[in-house]
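Before any comments, here is the structure.
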Amino acid sequence: MSARPVPFSLAAQCILHVDSLFLEPHLDGGALRYRQVSLPVSHSGRTTDSDEETKSIDLLNLTPETDVEVLINQIVFEEPLISENKKDTLRGMIYKLMEKIDNKDSQRFYLFKILRAHILPLTNCAFNKSGSKFITGSYDRTCRVWDTLSGEELLTLDGHKNVVYAIAFNNPFGDKIVTGSFDKTARLWDANTGQCLHTLKGHHTEIVCVAFNIQGTHVATGSMDNTAKLWDVDTGQQIASLEGHSAEIVSLNFNTDGDKILTGSFDNTAKVRVLSYGQCLHTLAGHRGEISSTQFDFTGDYCITGSIDRTCKLWDVNNGQCMETLRGHTDEVLDVCFNTTGNRLVTASADCTARVYNVMTGACISILIGHEGEISKVQFSPNGYKIITASSDRTCRLWSVETGECLQVLEGHSDEIFSCAFNYEGDTVITGSKDNTCRIWKDNFFTPAEEEDQYSG
């Protein structure tokens with residue numbers, strides 16, 4: 001993939017930047033973020049931003065145990081933009097990043113705010129990239145935008161005529177929102193003003209899943225009418241109708257490059273399609289029950305499917321072959337998730353457990369036992385050391401990836417929790433429940449002054 005680099009005007013200084021997948025000009029320069037770890041460096045002998053050179057350096061294997069001096073020497077040797085006299089700057093930046101990704105045994109989350117978000121039950125919630133805002137969908141036919149720090153409702157996105165079921169920000173930008181509804185339409189909104197930009201019409205039944213590509217140019221919708229549709233974000237026009245499934249589409253994802261889409265269906269199959277011509281590249285067949293969830297890994301070379309047949313399958317996207325069938329659950333697999341480097345995946349099940357697998361070997365490395373109800377949602381922390389699970393037992397739990405130890409139980413909701421998410425810094429968690437509340441949880445390293453500085457920049 002060809003990245004569009006940030007044109008930093010910092011004259012030969014190195015900026016440590018951890019971004020999700022690629023860099024865009026209107027992202028905040030110098031901010032620390034997770035997902036794909038990269039180091040943009042900038043050097044210019046001229047005065048205009050357009051003349052600057054930039055280079056991303058992958059540091060995906062950086063851990064708290066990394067030999068920093070060896071890494072620095074390797075970077076300086078391989079990257080002509082970084083001179084010997086910048087070693088001290090580089091060293092400080094790497095140590096700062098290692099602090100951020102360190103597995104903080106002392107990290108604990110506390111309840112920061114309770115938001116009684118809607119008058120009718122919630123359906124979903126999601127952060128923007130920085131975690132400064134989040135959105136909630138509801139049976140009350142609206143989507144609401146919230147300020148994470150203050151808990152203030154910023155916008156009500158009103159216009160759907162039935163349940164707002166699926167919602168998403170166009171991360172990493174965060175300036176648009178898509179909502180999918182049981183009224184058979186999706187809507188694109190301006191995330192700053194609340195203006196409805198486009199109403200996406202064409203499905204014949206309820207829309208139950210939505211996704212932006214990471215480039216922000218396309219949005220996909222999946223429906224109970226057995227189709228997915230691809231739309232142009234700028235114009236709101238339908239680009240393609242993706243047909244071929246014989247039952248409802250309940251999951252869809254773009255790959256990192258934005259040139260493929262993965263759909264999972266109740267017809268027991270998933271399909272990988274190439275967007276340039278809209279045709280099916282592979283049908284991933286082999287499950288004996290309905291697909292519940294799907295995901296690409298960050299490279300786009302592999303994908304996973306979870307099924308009510310109690311298994312998860314790992315697939316090679318290039319040839320459509322099943323590489324591993326991951327067994328062990330005694331009830332339906334309800335959610336699946338890769339970590340950010342793609343070497344671990346986690347499955348969540350109605351058997352009240354989650355399982356962590358080594359992607360390369362297919363071995364189960366830990367079983368997360370402790371919930372007393374089905375687990376419907378699971379996610380890795382940005383640094384990959386922890387997992388959060390949401391359960392019908394009214395709790396969320398935080399777990400150690402490698403040992404399976406339960407590190408903390410987030411309690412307080414009075415009904416089933418159906419959604420949970422980390423922000424990209426890993427210091428904030430949001431939980432959504434059928435008790436009609438969202439809870440914001442902050443870790444014990446959080447101070448309001450630091451948060452305000454972060455979001456004001």
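Glycine too: its Cβ is placed from the backbone N, Cα and C atoms.
Here is what TrEMBL records for this protein:
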{"type": "REPEAT", "residues": "115-156", "note": "repeat 'WD'"}
{"type": "REPEAT", "residues": "157-199", "note": "repeat 'WD'"}
{"type": "REPEAT", "residues": "200-241", "note": "repeat 'WD'"}
{"type": "REPEAT", "residues": "242-283", "note": "repeat 'WD'"}
{"type": "REPEAT", "residues": "284-325", "note": "repeat 'WD'"}
{"type": "REPEAT", "residues": "326-367", "note": "repeat 'WD'"}
{"type": "REPEAT", "residues": "368-409", "note": "repeat 'WD'"}
{"type": "REPEAT", "residues": "410-442", "note": "repeat 'WD'"}
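According to DSSP, the secondary structure content of the repeat 'WD' (157-199) in residues is 0 helix, 23 strand, 20 coil.
Long-range neighbours of the repeat 'WD' (115-156) within the same chain, counting only residues 6 or more positions beyond its ends whose Cβ lies under 8 Å from a Cβ of the stretch, are 20, 28, 31, 33, 162-169, 171-174, 177, 179, 181, 189, 191, 193-194, 418-419, 421-425, 428, 430, 432-434, 436-440, 448, 451-452, 454-455. Here the repeat 'WD' (115-156) is broken down by DSSP into helix, strand and coil counts: 0 helix, 24 strand, 18 coil.
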